[in-house]
Ligand SMILES: NC(=O)c1ccc[n+]([C@@H]2O[C@H](COP(=O)([O-])OP(=O)(O)OC[C@H]3O[C@@H](n4cnc5c(N)ncnc54)[C@H](O)[C@@H]3O)[C@@H](O)[C@H]2O)c1
């Protein structure tokens, strides 16, 4: 029996089969969950990728900047499952001007887009799913360690710092409803989001060398396993936590 047997899980953020969310959806199904996906923009592409999962999974449209999408999400998910036990936020975006070493010149307009999509949406998604989480459950988001200023990560780093804080406030406010809220801070992985960061190579070169356990830039499974574990019944008293899945880099001095 899998660790998510009988659980109903919403996974956002599948774009390609390299997406962290794709690995989460696959592992969740393998561990016994019913999975519903959301996609942004290129829905036919997401549907094509979804067909590579072990089981068919419905794909619903969700742009986290679209209030109507959020307001109707619970009803649309409810057409496929009678409730949710887990929600995965695997969404991030920052305009090119907010990344790559342009920190001092990025406009508020571009910063606000990064914060809306990558930070505020963690709260919006969780709240949109509440009507389906009457029996409690788990919300998990994908983080990149925001305790340091990294090369080229710039305003996305600020967005992740906000995500870490938002996660703690959500944990505070949803705890009484039996909802746990946690983040998985993954090391660098070669996904579409990562490839769109100018200078991402700086991470690629140094991370595997620094990590005590080593680090495979193309393997999304370790981060996905942590997401699945956090949604299982094996972390019943853990909330507001950040689990690092980075080969150990966060623990090591320069
Ligand atoms: N790849 C890495 O190195 C890495 C490391 C740590 C954390 N993360 C985080 O993991 C998460 C998933 O990213 P990924 O690396 O799998 O890349 P990805 O490109 O596969 O996924 C990013 C997802 O965000 C979605 N998205 C963008 N704007 C959206 C919007 N307005 N509404 C809804 N969805 C939107 C995209 O459609 C895509 O599915 C992100 O939060 C990212 O910051 C990535």
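The backbone N, Cα and C atoms fix where each Cβ goes, glycine too.
91 is the residue from 91, 179, 197 that TrEMBL records in the NAD(+) site together with 13, 19, 20, 63, 64, 160. In this entry, 13, 19, 20, 63, 64, 91, 160 make up the residues listed for NAD(+), with the farthest two CA atoms of the set 19 Å from each other. It is 17 Å from the Cα atom of residue 19 (NAD(+) binding site) to that of residue 94 (substrate binding site).
A distance of 15 Å separates the Cα atom of residue 13 (NAD(+) binding site) from that of residue 94 (substrate binding site).
In this structure, the C-alpha atom of residue 63 (NAD(+) binding site) lies 14 angstrom from that of residue 94 (substrate binding site).
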